[in-house]
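J.: One structure, as structure tokens, below. Some questions next.
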Amino acid sequence: MTSTTEPEIRKGLAGVVADTTAISKVNPESNSLLYRGYPVQELAARCSFEEVAWLLWHGELPTPAELAGLQEAERAQRALAPQVRAVVDAIPTAAHPMDVLRTAVSLVGALDPTAADSSREAEVAASVRLLAQIPAIVAYDQRRRRGQDVVEPRDDLDLAANLLHMTFGEVPDDVVVDAFRVSLVLYAEHSFNASTFTARVVTSTLSDLYSAVVAAIGALKGPLHGGANEAVMHVFDQIGSADRAEEWLDRALGEKRKIMGFGHRVYKHGDSRVPTMKAALDRLVEHYGRQDLAELYDRLEAAMVARKSIRPNLDYPSGPAYHLMGFDTATFTPLFVAARVTGWTAHVMEQRAANSLIRPLSAYVGPEERHLP
Ligand SMILES: CC(=O)SCCNC(=O)CCNC(=O)[C@H](O)C(C)(C)COP(=O)(O)OP(=O)(O)OC[C@H]1O[C@@H](n2cnc3c(N)ncnc32)[C@H](O)[C@@H]1OP(=O)(O)O
Ligand SMILES: O=C([O-])CC(=O)C(=O)O
């Protein structure tokens, strides 16, 4: 007699601990998030996005000389190669900006003669290159969609201010630049989320860093992940005003729809990053005089908590914040990429340093063996 043990299947790998990481710690019990040991709220309050990028890649905050070196290298690589502009121009504007970004990043990799070099030095250099190029691609694409000419980068501005300058042709008020910087810091890293895990799977086959980032962009695009920040804005547009929030939500829940910007695979009592981003959104609401947006935000959140006890994730405040800054809704997820590329590339380097091919098993449920007639 044979005994068969059913394999345990964890759909969506929920609850599975797939490997160790020293990059960030997501703690749903204490509702906290640490990057290399530092609470993300402290980093968002006191650090530039470039300092956080260095921290994620190297494990420690940069010295003044290290930060100056990173800034110099990043600022020197902000201009897009003519081939990259030409490829972006060749993509119809009906294509989503995430498709444009995915394609352009792939070309940036193909144009890098050191792309196949997987030494740590080369991968840090490629990470800095992507840190510089992605904002330029995102800004270029939004401008061409609006029929606007390219704005050249300014090397006297940090990454956050320069991205805004390249997108809008001017540097907005400090309150706006600061809210944008905060969003980049909060979006930078979040352990084994779907896009980061994708980057690690690609790296585990000993593929190159650019391939891992291109695949991660594909994973981030979906509305269950990074695409939710864009989807939140579509929800706000559909609802229109605060007094319609409950009615809209009841209909959506009645149709068994997922409400974008709410819920999380790991956090079940609220996302550690939301209070910091909500505070930045509140400052933008004040700055732009858009209390109507804040009222809609609050009414929908309160109704969702009352009906389902499900709380907002980071995409909920980020969507309306990017809207107030003036970004097109379809540009929101590319902005997430501009931030998360730091976490992805840190994970690529960590995976490579202690690699094991990522290849789980499956339980076969198809037909028993059979034969052709
Ligand atoms: C930066 C980020 O990527 S954060 C995530 C951004 N994504 C979103 O905002 C999309 C909306 N949210 C969701 O779809 C989910 O909450 C996810 C995908 C993020 C997490 O999902 P999971 O961990 O797989 O939880 P799951 O989908 O099983 O939800 C558990 C229960 O809560 C419900 N639920 C969870 N999130 C939502 C939501 N946003 N709207 C309505 N119901 C929800 C589910 O329907 C399910 O209910 P059931 O047990 O009655 O079937
Ligand atoms: O951790 C996750 O599953 C999704 C998320 O919040 C992120 O990637 O920032």
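From the backbone N, Cα and C atoms, a Cβ is placed for every residue, glycine too.
TrEMBL feature annotations, pasted as is:
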type     : residues : note
ACT_SITE : H264     : active site
ACT_SITE : D315     : active site
J.: So which one is it: of the active-site residues H264, D315, which has the fewest other Cβ atoms within 10 Å?
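T.: If we count Cβ atoms within 10 Å for the active-site residues H264, D315, the smallest count is at H264.
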J.: Roughly how many Å separate the Cα of H264 (active site) from that of D315 (active site), to the nearest whole number?
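T.: That separation, Cα to Cα, works out to 11 Å.
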